[in-house]
Structure formats: C-alpha cells, structure tokens
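Worksheet for the structure shown next.
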Amino acid sequence: MSFTDKQEALVNSSWEAFKQNLPRYSVFFYTVVLEKAPAAKGLFSFLKNSAEVQDSPQLQAHAEKVFGLVRDSAVQLRATGGVVLGDATLGAIHVRKGVVDPHFVVVKEALLKTIKEAAGDKWSEELNTAWEVAYDALATAIKKAMS
C-alpha cells in the first residue's frame, strides 16, 4: 500500500498544529516518553540534570526535529515510496546514545499520543495511521543506519 496524498495532508496539517504550541507539546511528548521508559532520561542531555521535564530551547529543538523528521518521511513516502535519511549521522548518534529497539516503540507511542493531543477534534484513526506509517518508515531507516 502506498502513502497517499490524503495521508501526507493529514500529517502536514497536524504537524502545523503541533508547531503552533511547540513548548506545550514538547513537554507533553517527553513526559510521555519518561512515563513509559524512565531510564530513557539519560539518553537526552537536556533532561539528565532535571527532576522533571521542563521547557527549554534544547527540548523544543529536539522535539521539533523528531516530529519534523516524521513529517519529512511522510513527504518522502508519498513522493518516492521510501525514506532516505537526510542526515547520515543519525544512525551513529543513536548507536552512541545506546538507543535500542524498545526505545523506538516508546517514542512512537509518545509521538502518536502527542499528535492526538495536538490535533484535538481533528484527530482520527486515519490521521493516527498516517503518522504511524511515516514514523515506522523513519525508524526503519534509522535502524538500518545503525547497523
């Protein structure tokens, strides 16, 4: 099954909703990550020395990058049917940080929960599936670059 124009549009519109309140949704995203995997705190330099998730420029920048990469993956999936990493260092960075398969699952769950929150009454199973497919393609590309 190919990624459709409608799926790309759903990802793009909810990406815009996410960006409209980046501070709030960044904190929400990392709070969900740490609720699901408290040990993941050590993977993020901007979280290591704080008792709880707090808004910061680094936190926002990283959240924007994660969600932006998934959005870019949606665009690539629609255009080419696959995802090629624009940043060749992503695999090495994830290896250096000690990222393993279960971390990708946690990030996916947190990402989908955050998008549901950001989309509000525009959320649907179809929107969720579009983000899920785009995230899975990105995660596959990162894992490939890690090996």
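Heads up, the Cβ atoms here are built off N, Cα and C, so glycines get one too.
Annotated features, as they stand in Swiss-Prot:
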type	residues	note
BINDING	Ser45, Lys65, His94, Lys97	heme b binding site
BINDING	His62	O2 binding site
DOMAIN	2-147	domain 'Globin'
MOD_RES	Tyr25	nitrated tyrosine
MOD_RES	Tyr30	nitrated tyrosine
MOD_RES	Ser45	phosphoserine
MOD_RES	Tyr135	nitrated tyrosine
(request) Would you report the average pLDDT that the model assigns to the domain 'Globin' (2-147)? (result) 91
(request) Pick out which of the binding-site residues Lys65, His94 has the most other Cβ atoms within 10 Å of its own Cβ. (result) His94
(message) Could you check which of the recorded positions Tyr25, Tyr30, His62, Tyr135 is the closest Cα neighbour of His94 (heme b binding site)?
(response) His62
(request) Among the recorded positions listed here (Tyr25, Tyr30, Ser45, His62, Lys97), identify the one with the smallest other-Cβ count within 10 Å. (result) Ser45
(message) Just to be sure I understand the packing, how many Cβ atoms besides its own are within 10 Å of the Cβ of Tyr135 (nitrated tyrosine)?
(response) 23
(request) Measuring Cα to Cα, tell me the gap between His62 (O2 binding site) and Tyr135 (nitrated tyrosine) in whole angstrom. (result) 16
(message) Based on DSSP, tally up the residues of the domain 'Globin' (2-147) by helix, strand and coil.
(response) 113 helix, 0 strand, 33 coil
